[in-house]
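Student: Dumping what Swiss-Prot says about this protein:
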BINDING   Gly45, Pro46, Ser47, Gly48, Ser49, Gly50, Lys51, Ser52  ATP binding site
DOMAIN    13-247  domain 'ABC transporter'
Amino acid sequence: MSQILLQPANAMITLENVNKWYGQFHVLKNINLTVQPGERIVLCGPSGSGKSTTIRCINHLEEHQQGRIVVDGIELNEDIRNIERVRQEVGMVFQHFNLFPHLTVLQNCTLAPIWVRKMPKKEAEDLAVHYLERVRIAEHAHKFPGQISGGQQQRVAIARSLCMKPKIMLFDEPTSALDPEMVKEVLDTMIGLAQSGMTMLCVTHEMGFARTVADRVIFMDRGEIVEQAAPDEFFAHPKSERTRAFLSQVIH
């Protein structure tokens, strides 16, 4: 049976004592996190710290073994209907674009609204054009992914997620696979999205983006949340030695 639960202070996302293992490896250790509507969170930390696993658990791409995850009042549990409902409200952009190479940019963006939300084709196309314009790439709507740059493909991936009208956007190192000259165009798109009031969680090493956009920066290491604070406090006065060591490596 579908279950709708109250969350702390009308939170959009709540993780309570979340644990996950890969075999014997304890990848997430008692993660507690509350995200309010419209809040913009940046997760940072060294490779293998559990950042990506944390956000992938939020839309059940990874399954947690202990604890509770509640998204927009819906608990993620074994009920497949709950998982499907959450996924309709959560967009995700990955390191790699995962666009269908045999479909045009426009078709990539209309596929999910037509098949999942049962949207009429014309309405889905109008919506796709709207979001392609928003990410400044509408002129490429009828091209195939292989005909545009990596940065442009990542902006298409963002538009594709927005076409499902999500309440939450998750970004898993969206610029890490891009050439340096393409990073800015994707970050600018994400900054515009953040300014629109979208609830966002972003795993990234782009500390300039974190300073500009985040309401809160969370540092993870060895499967734990080590430290979290507003950007000014986080970067100026990190409390943990582990945080200071990490920042010394990524800020030049």
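Using the three backbone atoms N, Cα and C, a Cβ is placed for every residue, glycine included.
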Student: What does DSSP assign Lys51 (ATP binding site), in three states?
Tutor: helix
Student: Note the Cβ centroid of Gly45, Pro46, Ser47, Gly48, Ser49, Gly50, Lys51, Ser52, the recorded ATP site, then list each other residue of that chain whose Cβ lies within 8 Å of it, in sequence.
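Tutor: Nearby residues not in the site list: Met220, Asp221.
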Student: Other Cβ atoms within 10 Å is the metric here; tell me which of the binding-site residues Ser47, Ser49, Ser52 scores highest.
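Tutor: The residue with the most neighbouring Cβ atoms within 10 Å is Ser49.
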Student: CB neighbours of Lys51 (ATP binding site) within 10 A?
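Tutor: I get 26 for this one.
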